Every structure is written in structure tokens, then in C-alpha cells.
Amino acid sequence: MLVFILKRLVNAVFVMMAVAFLAFAIFQVAGDPVEMLANEQMSQVDRDALRDRMGLNDPMPVQFMRFVGNAMQGDFGMSYRNNQDVIGLIAERFPATMELVLVATLISLVVGIPLGILTAIGRGRWYAEGLQFLSIIGVSLPSFVVGIMLILVFSVILGWSPSFGRGEVVDFGWWSTGLLTPSGRAALVLPAISLSLYQITLIMRLVRAEMLEVLRTDFIKFARARGIPRHRIWFRHALRNCLMPVVTMTAMNVGALIAFALITETVFQWPGMGMLFIQAVTFLDFPVMAAYLVIISFIFVVLNTMVDISYAIIDPRLRSAR
Amino acid sequence: MNVLEVRDLRVEFPTHRGVLTALDNVSLSIRPGEILGVVGESGAGKSMTGLAVQGLLEPPGRIASGSVTLNGRRIDTLSDREMTRIRGREIGAIFQDPLTSLNPLFTVGAQLVETIRQHLPMSASAARARAVELLAEVGIPAPSERVDHYPHQFSGGMRQRVVIALALAARPSLIIADEPTTALDVSIQAQITALLRRLCAEHGSAVMLVTHDMGVIAETADRVAVMYAGRLIEIGEVAQVTRDPQHPYTQGLMGSIPALGARVPRLEQIDGSMPRLNAIPPGCAFNPRCPQAGPRCRRERPELFTAGAEKAACWLLEGGTA
Ligand SMILES: Nc1ncnc2c1ncn2[C@@H]1O[C@H](COP(=O)(O)OP(=O)(O)OP(=O)(O)O)[C@@H](O)[C@H]1O
Ligand code: SF4
Ligand SMILES: [Mg+2]
């Protein structure tokens, strides 16, 4: 067990080092940072001094190690664009993205699980096959198309909800939330639905596949032979045995949703990390791009590692072997 | 009155390549407290008979004709909802593999209480007390502790005892045990069979005992039914059938048992193997392998003829020649 956990952790560290190297490489191909920061009037002497201060004359490995060391302390340098702390910029945007992602996850579970059950137990019926067909469309629709259609219908035509922004927010320390104000909640609805649509179809298909699998097992047949009614077999015996993979997939996909949110945020002008990244790209703001890459990857890796480890802990065979 | 009365049962599986007849002309009856052994090669239709009686045929499988009568009430025409009230209450089931019969995510107590309360008007605490009693009855040590354990914390033999407790939970008048010891260690098979026999005698339950083990039949059953290619070919008192089998197939079966307790091997003495469902020969299904087959056997199908206290489906019993 301990060996397994250690292996996972070492694995995670390797992945993060690779990502850090990529982020670092961005700077190498991006051109001279001094040119980016310096203004026209700066003399060559000043430029050299700046270059030296930034450590750009050190050998490459030293620069890389310094980059990693700083990143571990949350120091990604200054934004080229407005001379703000990069980490501060990201922290400011982080709550917006997280609220969007968490609400989208919630929606995908609340809608996806019942749909999965329905399509599994109604297999062969018209409504189940219809839903199954719709889910194929759901998987293949690009999320910006969904977003634009939602805006068109609900904001432009019906005028029910705002088409951009986050509404009013309330601050708790560094965390700002839109969940407590009516306008904040209204603004969240469309982006969250748009972001969750793909996830709903994933969960629905996973639950369906797992349910069909579990319904074939002996213990389900035996439960039928014991005279347990159908609904109890579906919702108590079968569903329970399906939830484990659903929970793990959901946890792993939070990382993917944060990354996907980039598109949704752009479509809905949602002031999250994804928007920050897109702006950074347009302004060639390399420190922000690098920081985004590293932080998103970090969230990914942490979630995956936690899921792997919890899987091992929950597996009863490993549990009783301890 | 017989507990179970099966008349001319025919089970069909419509497939895209035509209708498969899995059971044909199966007639048998079990008196109160009686143990009927059911033997036959793999694929002969033993499990299918038990499932048909319980109304647990997998769609598209269905009872095409014939009748199943339980304690004087016809049950093959009941809806699944009505059968749910009979399964577990009037018919208890024991499956082959105790490792897969129990839901891994619920304690054995939870599964017992669920079954008891499904069928009997009992409070949760009374049902729990009854669950502990049942575990004690099937010989599980420290039942008041074990009741809160999960299936994986029991050995195979202990799990089959739990399955027996579940089958007996509502005191059904009929138990259908489908190879209850096949998956178990040889050393505990006899214990489980003895337990089953003792409990059914105490409760006065009738038993349909499917097995490959002629030794178990000889020791445990009162009467025995022999199946071949989805048909019942001989039925009678165990002592008589083993001493003086009437059907050439049964004669081969008995000839192939070296001693009590030996398993029924593939019939080495009789050349060939049992036909597949889609290739059952016309006339007597056994005719290609029968040493005594005559021209009539290839044309006409023999009924069950009475020969003394037994019945067998063979032309030899009608006129002395085939
Ligand atoms: N879903 C199904 N569709 C079509 N045929 C089936 C189906 N299930 C079982 N059969 C066939 O029905 C026949 C009877 O099977 P059954 O399980 O009753 O045999 P059995 O006598 O219990 O054999 P075993 O000793 O191996 O348990 C077999 O030939 C099997 O292939
Ligand atoms: S009916 Fe004919 S083929 Fe069938 S068992 Fe009797 S003798 Fe053999
Ligand atoms: Mg079987």
C-alpha cells in the first residue's frame, strides 16, 4: 500500500517537472524578456543590468531550477502587461473558474445519473434509445456552439439571463463568490449548463454502462430470486455498485473542466482563469501563460493522484489485506 | 396436494435465426417435504427449469406452453410484480456460487433484514433479531457479531450458509437449490448438503436440488429427475432409478458412476455428446447415441411412459422394442 502511494507520488512529481520544463521552454522560445520589459529610453547598460538582475546570464539548468523553486513558492514573476504579480492575477480569477466548474459538475451529476439509470433500465424502449442518440449529439457538439446557442435563445431572444459577465460578487477574504447575489446566480446558469453538457453525456453513458454490467451479476439475480422489487434492485443494489466509478470519473474530470472552461469563459466573457489566459496569449504575456499551464497541470495531477490512491484504499481486497 | 406441479413445460428463446426450444415437455412434481434431485449433463436444461418455475427467465426467453402450479395456484401466468411476492416468500433460491450471490456492498445482516421485511410484517429490530437467529440456525459461529460483517469477510462455505439463511428467511414451502455445493471446497460440500437437508426437513420445505453429483442424489434426494437436451427423460424414486434405470441414457449414467460421491463425468461409455439446442435430432433426442435405437426412434418422439413406479421417455417401454 505504502509502496503504491509512493510510486504514485513519484509519478506525479515527474509529470509536474515535465510540465514545468514546458512552461520554462515557453520563455526560451518567446524572445528576450528584457526587450519585453524595457522601454525605448533604456540604455544598453541598464538593459544589461536588468538582464543580470533577472538571472538571464546564468546557465540554463540554473535558470530552470530557479524557475521551479520560485514556482513552488507561488512566484511566477511579473506580468509583462501590467507589472502585477502573476500569482495575484490568477488568484483573483481562480474563484470565478472554480464556481463555474463546481456548479457544472453538480449539474452533470444531478442530471447525468438519473439519465444513465433511465437509459439502462429502459434499454430497447424508444425513450431510452432516443436519449442514447441525443447523448451522441451531446458528445460531438463543440462547447462554443452550445454556448452561443444558449446565449442566442435565452439572452438575446428570450432575455431571461445576462449573456456575459459574472453579475455582482461578494468577497470573503480573497475568494469572491457570485452565488450569494441574484444577479451572480443568474449569470452563472448559462455558462454552467454549457460547460456541463458534455459532462452530462459522459456521466450518463458511464452510469448506463455500469448499470447494465451490474444488472447482469449474480447478486442482482439472487436479489430478484429473494423477491426484492425492481425499483429497490435498481436504486439500492445496482446503483450503489455503479457509484464508485462515477465518483472517480467526476473527480478526475474536474481538472478537464477547468481546462474546458477556457472556451466557455471566452464565449460568456466569464472573468475566470481561462479568460486571463486568452488575454495573456493576445498580449504575449508569457509569465501568465506559463503560470496558467503549471497551475492547471498541478490541479490535474493532484486530482488524478488522489483518485488513484483513494481507489486503492476503497478496494475491499486491499482494505482487508492491511 | 403437491407443492410444485410442472406440466408439459416448454421454454423458447426467439432468436434472429429462429426459435430455440430450451425446454420441451418437462413435467414433474414435488410433494411437501420431498427432495427431488435433478441431474443431467451440462446444458441439459436443469437451471432453466428452476428459473422458469421462479419466473426468472431472461428475456426474450419465455414459457411458450405448459403450466407451473405452486401449492395449487397457477403461477406461470402471473405478472412480474406478482411473482416478486412469491419469490423469496414461497420459493427460496440457492445459487451455485456463494462468492457472487451476495451484494458486496451490504452487510449480510442488511441483506437478511431486507429479505425478511420484504415478505413478513416485522419491525426493523425484530427482523434483525430474526436475522441473527437464522445465522445461528445455519451454523454460523458468533452470529450476533457476524450479522454486521460484509460478505468478503466470510469464507466460501460460510457464505453459502448465509445464502441458505437468505433462502429460508421467509420460510418458503419450496427451495430451488441449483448446484449449491459445486463451487465449494470438496471438504465442506457434504456439510452444506447435510445442512440443507436437515433444515428443509425441520421446516417441511420441499426441495428441487440440481446437481452433477449422483452421490448427493443417492444420499439426499427422495426422487430423481433425469434431463437430456431440454427434455425430462426419466423420473422416479432414487433407489429404483439407481438400481434399475429404465432409459438407456440413465443406464449409461448409472454405469458411469464408479462409486458414491463421484461426479457425473461426460458419458464416456456412450459415444458422442448432447446435441446443441439448434440441432436436436427429430424423434428421440438421444437416438444418435443410443445403443438400442430403432427406426421409430428417429421418426417419433417418445412420451413419458410409466414403468412400475417410474416414468421414462423411451419407446422400449411402450412395446418392448424400438
Ligand atoms: N439466454 C439464453 N438464450 C438461448 N439459450 C440459452 C440461454 N440461456 C441458456 N440457454 C441454453 O439453454 C440450455 C439449458 O441451459 P441450462 O443452464 O439450464 O443448463 P444446465 O442443465 O443447468 O447446465 P449446467 O450443468 O452447465 O448448469 C443450454 O443449452 C443453454 O445453452
Ligand atoms: S426412444 Fe429409442 S433412441 Fe430414445 S432412448 Fe429409447 S431406444 Fe434409445
Ligand atoms: Mg445450471
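Numbers run from 1 along the shown chain.
Cβ coordinates are placed from backbone N, Cα and C, and glycine is handled just like the others.
Positions annotated as transmembrane segment by TrEMBL: A:12-30 (among others).
Taken from TrEMBL, the feature domain 'ABC transmembrane type-1' covers A:94-307.
The list of residues near the transmembrane segment (A:100-121) in space but at least 6 beyond its ends in sequence, with Cβ under 8 angstroms from a Cβ of it, reads 127-128, 131-132, 135, 188, 191-193, 195-196, 199-208, 210-212, 215, 234-235, 239, 242, 246, 250, 253-254, 257-258, 261, 264-265, 270, 272. Under the heading transmembrane segment, TrEMBL lists A:100-121 (among others).
Per TrEMBL, the feature transmembrane segment maps to A:133-160 (among others).
Residues annotated as transmembrane segment in TrEMBL: A:186-207 (among others).
According to TrEMBL, the transmembrane segment annotation covers A:242-270 (among others).
Taken from TrEMBL, the feature transmembrane segment covers A:290-314 (among others). Counting only same-chain residues 6+ beyond the ends of the transmembrane segment (A:290-314), those with a CB under 8 A from a CB of the stretch are 1, 4-5, 8-9, 11-12, 15-16, 19-20, 22-24, 26-27, 71, 76, 86-87, 90, 244, 248, 251-252, 254-256, 258-259, 273, 276-277, 280.
Counting only same-chain residues 6+ beyond the ends of the transmembrane segment (A:242-270), those with a CB under 8 A from a CB of the stretch are 96-98, 100-102, 104-105, 108-109, 113, 116, 143-144, 147-148, 151, 163-166, 190-191, 194-195, 198-199, 202-203, 206-207, 210-211, 214, 277-278, 296, 299-300, 303-304, 306-307, 310-311, 314.
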